[in-house]
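This report concerns only the one structure given below.
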Amino acid sequence: MTTRQHSSFAIVFILGLLAMLMPLSIDMYLPALPVISAQFGVPAGSTQMTLSTYILGFALGQLIYGPMADSFGRKPVVLGGTLVFAAAAVACALANTIDQLIVMRFFHGLAAAAASVVINALMRDIYPKEEFSRMMSFVMLVTTIAPLMAPIVGGWVLVWLSWHYIFWILALAAILASAMIFFLIKETLPPERRQPFHIRTTIGNFAALFRHKRVLSYMLASGFSFAGMFSFLSAGPFVYIEINHVAPENFGYYFALNIVFLFVMTIFNSRFVRRIGALNMFRSGLWIQFIMAAWMVISALLGLGFWSLVVGVAAFVGCVSMVSSNAMAVILDEFPHMAGTASSLAGTFRFGIGAIVGALLSLATFNSAWPMIWSIAFCATSSILFCLYASRPKKR
């Protein structure tokens with residue numbers, strides 16, 4: 001193995017471990033949602049808001065960290081964000097009311113955004129478009145370990161300890177990640193390539209992205225794809241645990257099926273993206289999600305049972321990494337000179353739409369799985385429509 005291959009492996013592995021923080025802070029927490037509702041004596045919608053505010057903070061944080069990463073470099077931004085993430089996790093563990101937890105989760109998400117933005121920008125500094133998509137697939141492959149194990153670990157933490165310890169574990173993980181960043185990650189943006197941090201320049205860069213209708217459509221399509229998955233993350237614990245009577249400690253095993261599909265589709269993407277291109281892989285992922293959403297609606301109408309929903313959700317979620325990595329590859333290829341800003345806006349759309357959809361879904365009454373199913377179907381349809389709009393022939 002060459003030095004370059006060793007270096008690539010090390011970068012992918014470290015960034016994959018760093019990227020675990022975001023899914024860990026959601027997926028380990030999912031089995032605790034019904035328990036937290038009962039402990040604080042609040043309805044399911046109030047507890048779901050702790051997820052929505054986390055995603056909202058994550059979305060807004062992208063707008064902050066992207067321009068900062070283009071101006072001050074990648075390493076100081078991600079290191080600072082990860083340390084704040086650890087502090088916010090401690091604050092969540094010490095929350096005494098649901099309102100305190102909702103507020104602290106917002107700051108938790110705000111800090112978590114640093115890693116997401118910097119990982120995308122750092123990888124784009126190193127790799128061209130098709131190689132970027134391939135290497136990002138491997139980052140996401142490493143990251144799948146977290147959501148595979150997180151709900152299982154979270155469920156057993158609930159059995160043996162309490163939901164507070166979930167956040168103590170997250171704080172410890174963030175401190176370890178900070179040490180890896182400090183000692184093992186090198187700066188990839190030299191000073192001569194950095195953009196001055198001026199509000200006018202930042203606004204101008206965002207305006208350039210908004211004027212690019214095709215790229216904007218890809219951002220929206222990717223955003224609704226993620227929002228479909230977030231519909232499950234927000235409502236799934238209640239649909240599985242309360243409506244279908246899955247034990248909290250067993251929820252993680254059902255969730256693991258999603259990760260199996262995610263693993264398979266990530267491998268599929270890494271094998272074929274060089275052959276058929278990032279854009280075609282992106283479109284394929286969206287169409288698979290649309291078909292799976294239609295399957296969930298039809299199977300619910302026909303009363304095909306709980307497992308038809310479980311499989312449909314798993315296949316839908318399995319395509320998220322393929323959609324996200326290829327969408328980011330296409331978007332950053334258009335704006336390589338401001339990869340941090342472009343990555344931040346794409347992330348804001350992805351997680352902002354997820355936060356809005358999750359907040360609206362929290363208003364629903366969960367006597368059945370229908371609110372979640374309709375939300376997923378709406379998001380999948382929206383993704384396809386934006387993708388079709390972006391694929392229209394250019395006017396001469």
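Cβ coordinates come from backbone N, Cα and C, glycine included.
Per Swiss-Prot, the features are:
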- 1-8: topological domain 'Cytoplasmic' (TOPO_DOM)
- 27-48: topological domain 'Periplasmic' (TOPO_DOM)
- 66-76: topological domain 'Cytoplasmic' (TOPO_DOM)
- 99-105: topological domain 'Periplasmic' (TOPO_DOM)
- 123-137: topological domain 'Cytoplasmic' (TOPO_DOM)
- 160-165: topological domain 'Periplasmic' (TOPO_DOM)
- 186-214: topological domain 'Cytoplasmic' (TOPO_DOM)
- 269-285: topological domain 'Cytoplasmic' (TOPO_DOM)
- 303-308: topological domain 'Periplasmic' (TOPO_DOM)
- 333-344: topological domain 'Cytoplasmic' (TOPO_DOM)
- 367-372: topological domain 'Periplasmic' (TOPO_DOM)
- 391-396: topological domain 'Cytoplasmic' (TOPO_DOM)
- 9-26: transmembrane segment (TRANSMEM)
- 49-65: transmembrane segment (TRANSMEM)
- 77-98: transmembrane segment (TRANSMEM)
- 106-122: transmembrane segment (TRANSMEM)
- 138-159: transmembrane segment (TRANSMEM)
- 166-185: transmembrane segment (TRANSMEM)
- 215-239: transmembrane segment (TRANSMEM)
- 251-268: transmembrane segment (TRANSMEM)
- 286-302: transmembrane segment (TRANSMEM)
- 309-332: transmembrane segment (TRANSMEM)
- 345-366: transmembrane segment (TRANSMEM)
- 373-390: transmembrane segment (TRANSMEM)
Inset, instruction - Look at every Cβ pair spanning the transmembrane segment (9-26) and the transmembrane segment (373-390), keep those 6 or more apart in sequence, and say whether at least 3 of them are under 8 Å. - result: no
Legend entry - Contact ranking winner - 77-98, 166-185, 215-239 against the transmembrane segment (286-302), Cβ under 8 Å: 215-239
Inset, instruction - For the transmembrane segment (106-122), name the stretch out of 49-65, 77-98, 166-185, 251-268, 373-390 with the most CB-CB pairs under 8 Å. - result: 49-65
Legend entry - Paired segments the transmembrane segment (309-332) and the transmembrane segment (215-239) in contact, 3+ CB pairs under 8 A: yes
Legend entry - Stretch-level contact, the transmembrane segment (373-390) and the transmembrane segment (215-239), CB cutoff 8 A, at least 3 pairs: yes
Inset, instruction - Using DSSP, tally how many residues of the topological domain 'Periplasmic' (303-308) sit in helix, strand and coil. - result: 3 helix, 0 strand, 3 coil
Inset, instruction - Count the residues of the topological domain 'Periplasmic' (367-372) that DSSP assigns to helix (H, G, I), to strand (E, B) and to coil, and report the three numbers in that order. - result: 3 helix, 0 strand, 3 coil
Inset, instruction - Report yes or no: does the transmembrane segment (215-239) come within contact of the transmembrane segment (77-98), defined as 3 or more CB pairs under 8 Å with a sequence separation of 6 or more? - result: no
Inset, instruction - Helix, strand, coil: count each for the residues of the topological domain 'Cytoplasmic' (66-76), based on DSSP. - result: 10 helix, 0 strand, 1 coil
Legend entry - Contacting positions for the transmembrane segment (345-366) when only residues 6+ beyond its ends and CB under 8 Å are counted: 44-46, 48-49, 51-53, 55-56, 58-60, 62-63, 66, 109, 113, 116-117, 120, 206, 209, 219-220, 222-227, 229-231, 233-235, 238-239, 242-243, 324, 327-328, 331, 372, 375, 379
Legend entry - Local confidence of the prediction over the topological domain 'Cytoplasmic' (66-76), expressed as mean pLDDT: 76
Legend entry - Counts by DSSP class (helix H/G/I, strand E/B, coil) across the topological domain 'Periplasmic' (27-48): 17 helix, 0 strand, 5 coil
Inset, instruction - Would you kindly list the residues that approach the topological domain 'Periplasmic' (303-308) from elsewhere in its chain, counting only those six or more residues past its ends and only Cβ-Cβ distances under 8 Å? - result: 244, 295-296
Legend entry - Long-range Cβ neighbours of the topological domain 'Periplasmic' (27-48) (under 8 Å; 6 or more residues past either end): 97-98, 101-102, 146-147, 150-151, 153-155, 157-158, 163, 166, 169-170, 233-238, 241-242, 248-249, 251-252, 255, 358, 361-364, 366
